[in-house]
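J.: Right, I'll just put the structure down here and ask away after.
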Amino acid sequence: MAKRDYYEILGVSKTAEEREIKKAYKRLAMKYHPDRNQGDKEAEAKFKEIKEAYEVLTDAQKRAAYDQYGHAAFEQGGMGGGFGGGFNGGADFSDIFGDVFGDIFGGGRGRQRAARGADLRYNMDLTLEEAVRGVTKEIRIPTLEECDVCHGSGAKAGTQPQTCPTCHGSGQVQMRQGFFAVQQTCPHCQGRGTLIKDPCHKCHGHGRVEKSKTLSVKIPAGVDTGDRIRLAGEGEAGEHGAPAGDLYVQVQVKQHPIFEREGNNLYCEVPINFAMAALGGEIEVPTLDGRVMLKVPSETQTGKLFRMRGKGVKSVRGGAQGDLLCRVVVETPVGLSEKQKQLLKDLQESFGGPTGEKNSPRSKSFFDGVKKFFDDLTR
């Protein structure tokens, strides 16, 4: 069967530069690599074909001979002397791929580091008062901690982990297929470079044990829902002495019966009767620091906001303290006595009717607009 053209195999032109050839080879080699196509004979044959084409086209001498004589340049009895018997030179492709195949096929260079401990998250519910003023709380969390018998090594007390005889402590083994070499994680030690001959009786060689621990967490003043507090090194212990992870405390502020928070400002609704709204007066309102008197001017309309400076939340990042904004809500009276109803009827008549346009600017404006609307319709 006639051999395919090397340029055609790699999908490059006859004038392709070496970097184009390397790029094409990487792409095709990853696609047809035996580790990715186990048991696929067709893929294995293509992979060998791709390697052969690559070795010729990246060797200046061999490429020149191939361009002049084709496949005949490498056949026995072909060009004088040949090129060392074809493709048995054992070229090392690890410089081309570096860690590319290492990542794909479980390799990588050097000993695999022991894994850092996992980060943990704890959801903490706070009242608004706790969030505004700050608080210290104790929490209890389940975690993995370093074994106190072997101190994280996993080995029996008085012994040490031994160097792996398979990889000689490197954590890696090299698999070679013809000209192609791939580094893989040592299957004997799982990349650690050491083996535990006599495991610790408490952690059974893991170096970590399950425990619950109690921590005191200081919550700074001014935190809000969504804020996270990081406690470095308070997560799970790392494997075999590796650094511990971190603990993240996630803040959730409970709903308050009186106040709503927006940033560093607090809002509350203050109900008043229509007599106070009309005549003015003082009313007691709550703040997080205690009760204060709010002066309501005469002719106050419902929805009006009164700002009490410095009665809000102090920023957790420093800076000025927020304000308390009181929204006045004028309530319609209910449960009126006959006397009260009569007084209101007399008051209504003094306003000049139900609309009370003389004493109600918004009513006058509204009904003037309604009158104009109907006048325009009838024209």
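Each Cβ is built from the backbone N, Cα and C atoms, and glycine gets one as well.
Swiss-Prot lists 5-70 with the feature domain 'J', giving sequence analysis as the kind of evidence. Annotated zinc finger per Swiss-Prot: 134-212, in sequence order. The repeat 'CXXCXGXG motif' feature in Swiss-Prot is assigned to 147-154, 164-171, 186-193, 200-207. Residues or ranges marked as Zn(2+) 1 binding site in Swiss-Prot (evidence: sequence analysis): Cys147, Cys150, Cys200, Cys203. For Cys164, Cys167, Cys186, Cys189, the entry in Swiss-Prot reads Zn(2+) 2 binding site, with the evidence type sequence analysis.
What does the local environment look like for each feature on the list?
T.: Per-residue pLDDT, averaged over the domain 'J' (5-70), rounds to 87.
Sequence-distant contacts of the repeat 'CXXCXGXG motif' (147-154) (same chain, at least 6 residues past either end, Cβ-Cβ under 8 Å): 160-161, 196, 199-203, 205-209, 237-238, 240-241.
Every protein chain considered, the tally of other Cβ atoms within 10 Å of the Cβ of Cys147 (Zn(2+) 1 binding site) stands at 23.
The DSSP secondary structure for Cys189 (Zn(2+) 2 binding site) is coil. Annotation for Cys189 (Zn(2+) 2 binding site): spatial neighbours Cys164, Thr166, Cys167, Gly171, Leu195, criterion Cβ-Cβ under 8 Å with sequence separation of six or more.
Same-chain residues lying 6 or more positions outside the repeat 'CXXCXGXG motif' (186-193) and placing a CB less than 8 Å from one of its CB atoms are 111-112, 114, 161, 163-167, 169-173, 240.
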J.: Please report the distance from the Cα of Cys186 (Zn(2+) 2 binding site) to the Cα of Cys150 (Zn(2+) 1 binding site), rounded to the nearest angstrom.
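T.: Taking the Cα atoms only, Cys186 (Zn(2+) 2 binding site) lies 24 Å from Cys150 (Zn(2+) 1 binding site).
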J.: Counting all other Cβ atoms within 10 Å across every protein chain shown, which of the binding-site residues Cys150, Cys164, Cys167, Cys200 scores highest?
T.: Cys150
J.: Might you list, by sequence position, any residue in that chain lying six or more from Cys203 (Zn(2+) 1 binding site) with a Cβ less than 8 Å away from its Cβ?
T.: Cys147, Val149, Cys150, Gly154, Val209
